[in-house]
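Structure first, then comments.
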Amino acid sequence: MGEYAHVHHHSLDDAAQRVHNLQKLSILPLVFLIYHEVSGGAFGAEDCVRAAGPLLAILGFMVFTFIWSIPEALITVEMGTMFPENGGYVVWVSSAFGPYWGFQQGWMKWISGAIDNALYPVLFLDYLKAVIPSLGGGLPRTFAVLSLTAALTYMNYRGLTIVGRVAISLGLFSILPFIIMGLMAIPKLRPERWLVVDLHHVDWTLYLNTLFWNLNYWDSISTLAGELDNPKESLPKALFYAAILVILANLFPLLIGTGAVPLDRESWTDGYFSIISRIVGGLWLTWLMQVAAAASNMGMFVAKMSSYSYQLLGMAEWGMLPELFSMRSHHGTPVMGILFSASGVLLLSWMSFQEIIAAENVLYCFGMLLEFLAFIRLRIKYPMVTRPFKIPLGLSGSILMLVPPTLLMLVELAFASPKIMVISLFVVIIGLTLQPCLKLVEKKQWLRFSKSPEIPDFGATDNKNAVELSDGGGRSLAMEELQLLPISRDLYPLID
C-alpha cells in the first residue's frame with residue numbers, strides 16, 4: 001500500500017509539473033473571458049426594452065451594475081486573490097462552512113452554468129436561421145446543435161491559450177457592428193425617445209430575468225484562478241477593465257437602438273438589433289450584425305465551458321469529486337470536466353429561452369446567497385488574515401454593500417414561476433443527497449478520490465493577537481509583521 005501511494009504521488013507530482021510549465025493566462029485574454037462569461041455584449045438585452053420600455057431598460061442596466069455587478073466583482077477579487085486556486089467559490093464556501101456546503105455550492109453553480117451554456121448554440125442558430133431557414137427546426141437544426149457543440153468543445157480541449165485568443169477575436173468582432181451602427185445613427189438619434197416609460201405595462205419578471213442574465217456570473221472567472229499568470233495582480237485589473245467593457249457594451253447599443261428608431265416594444269425580441277442595423281445602415285450591416293451575434297454566442301459558450309470545466313477539476317483536486325475529474329490532457333485541459341459540461345449542454349438544450357434564463361437565475365441566486373454568507377463568515381472568523389485585495393469598507397460596510405443585491409435576489413426568487421421553482425428545488429435536493437452518496441463511494445473505494453483536500457484553516461494564525469515566529473536570525477515576528485508575509489498553503493493546518 002505504501003509503495004502504491006509513493007508511485008501515485010510521484011505521478012501526481014509529474015502531472016503538476018507539466019501543468020506548471022503550461023502557458024498561463026495574461027490580462028488581455030482574461031478581460032475578454034470575463035466579458036463573455038458575464039455578458040458577451042447587448043445581444044439578448046432586447047427583451048428588457050420589450051418588458052419595460054426604453055427608460056427603465058437604460059436605468060436598469062445602470063442601476064443593476066451598481067447594486068449587483070460591482071459588489072459581486074469586488075467579492076470575486078477579494079476571495080479570488082485570497083484563494084488563487086482552481087475551484088474558486090467552491091473553495092471559499094468550503095473554507096467558511098466545510099466541504100459539504102462547498103460541494104453544494106459547486107453543484108448549484110455547475111448546473112446553473114450548464115443550463116446557461118445550453119442557451120448559446122440555440123441563440124447562435126436563431127440568429128443564422130434568418131439567412132439559412134433550414135436551421136429553424138427539424139433534423140438540420142439538431143445536427144447543427146450537435147456539430148456546433150462538438151466544435152466548440154474541442155476548442156476548449158485544445159487549451160486556455162487558444163480559448164483566450166478566440167475570446168479576444170470574437171469579442172472585438174461582436175462589438176464592431178455596434179460601433180459602426182452608432183456612428184451611422186448619430187443624425188437619427190432622438191434623445192426624447194430614451195425617456196419613454198409606461199409603469200402600467202411592465203413585465204417585471206421578464207425585466208428582472210433579462211437584467212440578471214446579462215449582468216451576472218462575475219464570480220465564474222474565479223474557477224480559473226489556478227491557471228492565471230500572477231492572479232493576485234492580474235485578477236483585480238482584469239475585473240476592473242472587464243466591468244468597464246461590459247457596461248459600455250450594453251448601454252451603448254441600447255442608447256443607439258432606442259434613440260435611432262421609433263419605439264415598437266413588441267418588436268424588441270432576440271435579434272431585433274439586426275433589424276435596427278438594417279434601418280440604420282442597410283442590408284450589409286444587418287449581415288454583419290447577425291454574424292457578430294453568432295460570434296458573441298460562440299464566445300460565451302467557450303468562456304463558460306472553460307470556467308465550469310475547471311470548476312469540476314478544482315473540486316476533484318480538493319477531494320469532492322472522483323479523481324478522474326482531475327485528469328488533464330497534454331494541453332493541460334480538464335478532460336472529464338469538458339465532457340461533462342458538454343453533455344449537460346446537450347441534455348438541457350430542449351428548454352425554451354425564457355425557461356433557461358429563469359431556471360439558471362434561481363439556481364444562481366441560491367449559490368450567490370451561500371457565497372455572500374461565506375464572504376461575511378470569513379471576514380468575521382479571520383479578520384487578520386492577509387488579503388492581497390480587500391474591499392475597503394470594513395465588516396459593517398461590506399454587510400451593507402450586500403443588502404441591495406440580497407434583496408434583489410429575494411425579489412428574483414419571488415417572481416419565479418412555480419414550475420421553475422419546483423425544478424430548481426429538485427436540483428438542490430439532488431445535490432444534498434449526491435454528496436453523501438459520493439462519500440459512500442469513496443468509503444467503499446469504488447472510485448478513487450484525491451486525499452489532499454487542503455482547505456486552509458486560518459485559525460492557527462488568527463486566533464491570537466500576537467504570534468511569535470523565528471525569522472531564522474533569532475528575531476521574533478509580531479502578528480502585524482506576520483500578516484505581511486505571503487500565505488503558504490503548505491503551512492495551513494488541514495481540515496479533516
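Even glycines carry a Cβ here, placed using N, Cα and C.
Residues annotated as transmembrane segment in TrEMBL: 51-75 (among others).
The transmembrane segment annotation in TrEMBL covers 130-154 (among others). When Cβ-Cβ distances below 8 Å are used as the criterion, the transmembrane segment (130-154) is approached by residues 121-122, 124, 271, 274, 287, 290, 298, 301-302, 305, 338-339, 341-342, 345-346, 349 of the same chain, each at least six residues removed from its ends.
Annotated transmembrane segment per TrEMBL: 166-186 (among others), in sequence order.
As annotated by TrEMBL, transmembrane segment applies to 238-263 (among others).
As annotated by TrEMBL, transmembrane segment applies to 275-295 (among others). Packing against the transmembrane segment (275-295) from elsewhere in the chain are residues 41, 43, 123-124, 127-128, 130-131, 170, 173-178, 180-181, 184-185, 188, 256-257, 260-261, 267: each is 6 or more residues past its ends and has a CB under 8 Å from a CB in it.
TrEMBL lists 359-380 (among others) with the feature transmembrane segment.
The transmembrane segment annotation in TrEMBL covers 392-414 (among others).
Look at TrEMBL and you will find 420-441 (among others) tagged as transmembrane segment. Only residues 6 or more beyond the boundaries of the transmembrane segment (420-441), in the same chain, are considered here, and those with a CB under 8 A from a CB of the stretch are 100, 103-104, 107-108, 111, 320-322, 355, 358-359, 362-363, 366, 413, 447.
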**Fill in**
Counting Cβ pairs closer than 8 Å to the transmembrane segment (51-75), the top stretch among 166-186, 238-263, 359-380, 392-414 is 238-263
**Item:** Same-chain residues at least 6 beyond the ends of the transmembrane segment (166-186) whose Cβ lies under 8 Å from its Cβ atoms
**Value:** 28-29, 32-33, 35-36, 40-43, 155, 249, 252-253, 256, 259-260, 273, 276-277, 280-281, 285, 288-289, 291-293, 295-296, 298-299, 302-303
**Fill in**
Within the same chain, the residues 6 or more beyond the ends of the transmembrane segment (359-380) and with Cβ under 8 Å of it are 72, 75, 78-79, 82, 89, 92-93, 95-97, 101, 104-105, 108-109, 111-113, 115-116, 209, 212-213, 216-217, 219, 351, 395, 398-399, 402, 405-406, 409, 412-413, 416, 420-421, 423-424, 427-428
